[in-house]
Amino acid sequence: IQLPADLTKMHLTDNPHPQVTHVPSSQSGCSIASDSGSSSLSDIYQATESEMGDVDLTGLPEAPVDSEDEEEEEDEDIDRTSDPLLGRDVVRECLEKEPADKTDDDIEQLLEFMHQLPAFANMTMSVRRELCSVMIFEVVEQAGAIILEDGQELDSWYVILNGTVEITYPDGKSESLCMGNSFGITPSLDKQYMNGVVRTKVDDCQFVCIAQQDYWRILNHVEKNTHKVEEEGEIVMVKEHRELDRSGTRKGHIVIKATPERLIMHLIEEHSIVDPTYIEDFLLTYRTFLTSPLEVGNKLLEWFTVDSLRDKVTRVVLLWVNNHFNDFEGDPAMTRFLEEFEKNLEDTKMKGHLRLLNIACAAKAKWRQITLQKPSRDSPLFFSLLGGSDKGFGIFVETVEIGSKAAEAGLKRGDQV
């Protein structure tokens, strides 16, 4: 079996600092696949536990530890994913039950399957859950069977789970719909009629149907579960109310939609008990709606000057460094941001947080080889070193001249030689 190309580049080296665990990663440049996944800072806590004092780091995630149980679970996951028909069979069993007979587990199974379909893509979680609780399963076994006639009164919303249907319009044009597409009524109680003929194109077409009354009720009562935040007459954030258990103790609002500016601002706002991983989720997905990570970095530096926000900003940066170190290591502008943030921690005498940041950077850094050529023996190096045996710690790069050959070669402040 051939190893993935980036896996073969991994290498382990002796660790000169026993209190810091170096985790060499693959050489992948993908920021989303961070050096060691979305791991925690628990290894760093241990190294700094005696020095941290009253630093509040509650809420940071714990790192998973490999165990025999997890290996067994992984094997089960592999078996499950290797047989997609097994998953489909479980879903079909849930679908074939009458709505009144569906259990909470059945609805969760349906929810996991349905959220992948385009027809449900723009719906909130609570709406999808309610639709799953009332949907009815139908199968049309023969190709060419007419499902809806032109002008027929509609009474349901249909979503295709398997097969293909064709809609032939009165003007002769036709349209094919496949898995995940929908047709039928719109969310209204008005009488509606089919425009065109709907027929199956293949055998064994499967659908879920939701009655007009249920479809209208669920989609038009979604407002009670959402809270919209407006600024200057425009909606800048939409939150959905969710309950994670029936006891009512774990309930609150979760952000489901917002402008990029409000999503950044929410990093330092209070997070609901039902949305405890907002920061991690944001740091994983911001690349899809921001052009540069500096948009986040500059805001964090600005908020750091506010005493009441300082701890929250520091927590965001620590999680960012720990989970996505490639964002900093591969971007000179972000490296400068990290240096400026480090200086701010020094200036404000936040020594516990500073040590945590330094050890996080050391633990996440990757080994690399840099070649720097000098035109002559007496030419300057354009960088300075700090440390050595007389200092009692390793040799580190203290400064690198901006725009120099050393900087172009990739040498950075903080590199250990």
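Cβ from N, Cα, C; glycine included.
Automatic, uncurated: that is what TrEMBL annotation is.
Annotated compositional bias 'Low complexity' per TrEMBL: 25-42, in sequence order.
If you look up TrEMBL, you'll see 65-78 marked as compositional bias 'Acidic residues'.
For 119-219, the entry in TrEMBL reads domain 'Cyclic nucleotide-binding'.
Counting residue by residue with DSSP, the domain 'N-terminal Ras-GEF' (251-364) contains 82 helix, 8 strand, 24 coil. Under the heading domain 'N-terminal Ras-GEF', TrEMBL lists 251-364.
Annotation source TrEMBL lists domain 'PDZ' at 369-417.
The region 'Disordered' annotation in TrEMBL covers 1-83.
With DSSP states grouped into helix (H, G, I), strand (E, B) and coil, the domain 'PDZ' (369-417) comes out at 4 helix, 15 strand, 30 coil. Break the domain 'Cyclic nucleotide-binding' (119-219) down by DSSP state and the numbers are 20 helix, 39 strand, 42 coil.
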